[in-house]
Amino acid sequence: MALQSQASEEAKGPWQEADQEQQEPVGSPEPESEPEPEPEPEPVPVPPPEPQPEPQPLPDPAPLPELEFESERVHEPEPTPTVETRGTARGFQPPEGGFGWVVVFAATWCNGSIFGIHNSVGILYSMLLEEEKEKNRQVEFQAAWVGALAMGMIFFCSPIVSIFTDRLGCRITATAGAAVAFIGLHTSSFTSSLSLRYFTYGILFGCGCSFAFQPSLVILGHYFQRRLGLANGVVSAGSSIFSMSFPFLIRMLGDKIKLAQTFQVLSTFMFVLMLLSLTYRPLLPSSQDTPSKRGVRTLHQRFLAQLRKYFNMRVFRQRTYRIWAFGIAAAALGYFVPYVHLMKYVEEEFSEIKETWVLLVCIGATSGLGRLVSGHISDSIPGLKKIYLQVLSFLLLGLMSMMIPLCRDFGGLIVVCLFLGLCDGFFITIMAPIAFELVGPMQASQAIGYLLGMMALPMIAGPPIAGLLRNCFGDYHVAFYFAGVPPIIGAVILFFVPLMHQRMFKKEQRDSSKDKMLAPDPDPNGELLPGSPNPEEPI
């Protein structure tokens, strides 16, 4: 029996401890000396009688090592949890319709009403000049800040809006933004002071529009994935219809009522938007709902973690992204000038034309067409060659701005405005796909937010500079020539981005090939692995 137990000990390994305990008490004098080994006090609390082998499995110490192995197996899968989260695209399937179409209508109202008012700022600017001309004859520079501030704040607040959207959700952020925009427009009707309208219309209305606009784009991803392109197309087409109708509406209101009552009528669109924003029922959880896996103990560490998360500057390590963002920011200096000063220029140069709002309708119509067409065209262009569409858009935008003073009839201005709207649609639509190509999908949101923030300051400064040139030279000719220069400079800068990206990609390929050549054999035994290069033939 002792020989068999030794042989089985070599064969069975750790389970032989149980066999030894079963064989020791049978016919051997060792039970008296059994309490001497200290590591195993559990199996012999009371010495059992020799002729009874049945109760021996009860004090069997074999389950102890089995429990230890099981505990290790339980802790092994913990670092990779399999709990499915709704915040990821893999664990969530959007409904692809249903209540989502109500959300699409709300997003269409949001985009159309916000940009319909902002794109018609030229009419509001001319109405504002009529009120301020009695106080100051050279008011073009001061009055241009009102519309420029409102448009610039939409872009300037974009990085901050992304933080609020992530923490509070789309519904709360959009509703609060629409409420602020309503307050800004409504309070603008109770004051005639230009400095107060800087705050009420320029800052309050502009910031409110930014907080209401960005969640309308994010919420579509909660309800659509496979049909997201269709949903975005419906929103773009609907907002274009708004952009075409708002110039006619504002001009009609300006002819019948004063500017103050016009602000009150426009504020009703923001009130309706505030109600429609309540339909932004989120289907994906915000980051506040997802528990953090890493415990942040102190308040200081938690604050630093949030700063690293939301103000991640890693996108600026990409040289191509820095050049691309700088080129677009440079082009934005003259981008918004025609929207603000075109109506006043037509009133001065073509005083016999009464339907000046037709020019803004043309810009809105071709802008919507450009957004629809550019999406399909950009899908067929691989990689960063999409930037060449932006290069072409900025070149045409700059040339068309310079051609505005050269037009001697109203029909020529209509043709110029058609091209201006088309360039606007191409430029805006392909911005997100280019950001995905430059920094990847994980950092694309931050890249777009930083880009919009960089565009804010040039867009705010452009119209007042053009108004200052109008005051200095007495007409808008030099102002529109100035507006055409920055887009052309931006186009030249953007032209080199794909070339530099291709050069950097080839350099990385050469470096990686050198690393592979200098890398040691991955097989420690020196055997030839499948797919490895053929070794040299033996001599």
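Every residue, even glycine, has its Cβ placed from backbone N, Cα and C.
Small disclaimer: the values here were computed from a predicted structure and weren't measured.
The region 'Disordered' annotation in Swiss-Prot covers 1-92 (among others).
The N-acetylalanine annotation in Swiss-Prot covers A2, and the record cites a large-scale study or a structure entry as its basis.
Annotation source Swiss-Prot lists topological domain 'Cytoplasmic' at 2-96 (among others), citing a curator's inference.
Annotation comment: Swiss-Prot describes 31-41 as compositional bias 'Acidic residues'.
Residues or ranges marked as compositional bias 'Pro residues' by Swiss-Prot: 42-64.
Annotated topological domain 'Cytoplasmic' per Swiss-Prot: 165-171 (among others), in sequence order, evidence recorded as a curator's inference.
Outside the topological domain 'Cytoplasmic' (222-229), and at least 6 residues removed from its termini, the chain residues within Cβ reach (under 8 Å) are 89, 93-100, 103-104, 170, 282-284, 375. Per Swiss-Prot, topological domain 'Cytoplasmic' is recorded for 222-229 (among others), and the stated evidence type is a curator's inference.
Taken from Swiss-Prot, the feature topological domain 'Cytoplasmic' applies to 280-322 (among others), supported by a curator's inference.
Helix, strand and coil counts under DSSP for the topological domain 'Cytoplasmic' (378-386) come to 6 helix, 0 strand, 3 coil. Residues or ranges marked as topological domain 'Cytoplasmic' in Swiss-Prot: 378-386 (among others).
The feature topological domain 'Cytoplasmic' is assigned by Swiss-Prot to 431-447 (among others). With DSSP classes pooled into helix, strand and coil, the tally for the topological domain 'Cytoplasmic' (431-447) is 13 helix, 0 strand, 4 coil.
Residues annotated as topological domain 'Cytoplasmic' in Swiss-Prot: 499-539 (among others).
Under the heading region 'Disordered', Swiss-Prot lists 508-539 (among others).
The annotation compositional bias 'Basic and acidic residues' is assigned in Swiss-Prot to 508-518.
Sequence-distant contacts of the topological domain 'Cytoplasmic' (431-447) (same chain, at least 6 residues past either end, Cβ-Cβ under 8 Å): 159, 162, 312, 314-315, 318, 320-321, 324-325, 328, 378, 383-384, 386-387, 390, 501.
Long-range contacts of the topological domain 'Cytoplasmic' (378-386) within the same chain, counting only residues at least 6 positions beyond its ends with a Cβ under 8 Å from a Cβ of the stretch, are 320, 429-430, 433-434, 437-438, 497-498, 501-502.
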